[in-house]
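Colleague: I have a structure here, written as structure tokens, and I will follow up with some questions on it.
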Amino acid sequence: MNVYQSLLQPFVFQTLRADPETVKLQLLRLGESIERHSDRPPARWIKQQLAQTFSLPTPELSQQLWGLTFPNPIGLAAGLDKDGVAAGLWGSFGFGFAEVGTVTYHPQPGNPRPRLFRLPADRAGINRMGFNNRGAAALAQTLEQAQKRSARTIPLGINLGKSKVTPLEEAVEDYLGSFRLLQAWGDYFVINVSSPNTPGLRSLQTAANLEPILSALQNENQARRPLLLKISPDLAWEDLATIIDLVKTYQWAGLIATNTTIARPELQTKVIPQTGKSPQEEAGGLSGAPLKQRSTEVIRFIHQQTGGQLPIIGVGGVFTAADAWEKIMAGATLIQVYTGWIYEGPGMVKQLLTGLQTELQQRGLDCLAALDRQP
């Protein structure tokens, strides 16, 4: 247990009983301030100190994928930095890539608060944020300004969602609008059709609704950016198989498995202090440790169905190097974290990388790319 887990995390989670969203926003404001002034000595020094503390050079874990170089396979999942305000900072925390968003074409406030809950006894979270963000145009401006200040050090993904005000039958144009505004600023793009917190969004995972989205975005993709689809862990296997076929048909770059779940497995948490309700009564997506097994099962299914030929970003319940390795062995090419990072603290990425190095050494492998994972 590190200093963050033994002192700071309990203070924030229990002593203050703070609204998790308030804490997150305060941290993002600090990150935004550092990022905005990163071309000046004080902020530049802070970034250097963060990198010295939390980064770990791991050339044996680097990956070449989609024409991009990932310094290591551990990335920040979408949802934390929705508006990209700290996009240039995440590499200093040791991440090998980062994903901003989810962003929508129209700015939107999201769902009413409280909408983010921590379940420490389960190492989990529930959120029903509802894609709160400043909009695609604002994100494009933010990323353009960041690019002028300093060169990007890690690949940046942009996660696109459908605006709540946009009818489902107009979803294609909504996604296209965001993609056109942001195409120049992302190294890869993710289409989110699997969040449980936008009414009707998950219905876009059906073949009839999904195919026009995949086709239109690939046709618009003149710069040939890698396009990925983020899927739900709650899909039936036959529905997932249909999605895999469509992704292959339209030559998309890969899948992100998985989003949060609407399932409520048996949890230790009985009452959420902010609302006085049980987790079963709270709407929203469940993330963290309870999602680990299901997300890994989905990763393994995709890997088997595609013969290991379709890249997968694995996300869901990663807290330790063993968790990350399990997903890699199931078929994940890259790994994302979010809830685990909140619980484990900023030193988590370094711990994961150290553990992954050990896994390679124990198997006598020189690099992660040499790993043989039979479908």
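Any Cβ shown, glycine's included, is placed from N, Cα and C.
The feature FMN binding site is assigned by Swiss-Prot to ALA78, GLY79, LEU80, ASP81, LYS82, THR102, ASN159, ASN192, LYS230, THR258, GLY288, GLY317, TYR338, THR339. Taken from Swiss-Prot, the feature substrate binding site applies to LYS82, ASN127, ARG128, MET129, GLY130, PHE131, ASN192, ASN197, ASN259, THR260. Residues or ranges marked as active site, nucleophile in Swiss-Prot (evidence: sequence analysis): SER195.
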Colleague: For GLY288 (FMN binding site), which of the three DSSP-derived states applies: helix, strand, or coil?
Modeller: strand
Colleague: For GLY130 (substrate binding site), which of the recorded positions LEU80, ASN159, SER195 has the nearest Cα in space?
Modeller: SER195
Colleague: Can you check which residue among the binding-site residues ARG128, LYS230 has the largest number of Cβ atoms within 10 Å of its own?
Modeller: LYS230
Colleague: Let me check the 10 A CB neighbour count of ASN159 (FMN binding site). How many other CB atoms are there?
Modeller: 26
Colleague: Where the distance is taken from Cα to Cα, which of the recorded positions ALA78, LEU80, ASN159, SER195 turns out closest to ASN259 (substrate binding site)?
Modeller: SER195
Colleague: Nearest of the recorded positions to LYS230 (FMN binding site) by CA-CA distance, picking from ARG128, ASN192, SER195?
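Modeller: Of all the candidates listed, ASN192 is nearest in space.
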Colleague: So of all those recorded positions, LEU80, LYS82, ASN159, SER195, GLY288, which one's Cα sits nearest to ARG128 (substrate binding site)?
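Modeller: Answer for the nearest of the recorded positions: SER195.
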Colleague: Looking only at ALA78, LEU80, the binding-site residues on record, which one has the least crowded Cβ, with the fewest other Cβ atoms within 10 Å?
Modeller: LEU80
Colleague: Within its own chain, what residues at least 6 apart in sequence put their Cβ under 8 Å from the Cβ of ASN192 (substrate binding site), listed in sequence order?
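Modeller: The answer is ALA78, GLY101, THR102, ASN159, LEU160, GLY161, LEU201, LYS230, ASN259.
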Colleague: Using all protein chains in view, find how many other C-beta atoms are within 10 Å of the C-beta of LYS82 (FMN binding site).
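Modeller: Other Cβ atoms within 10 Å of LYS82 (FMN binding site): 22.
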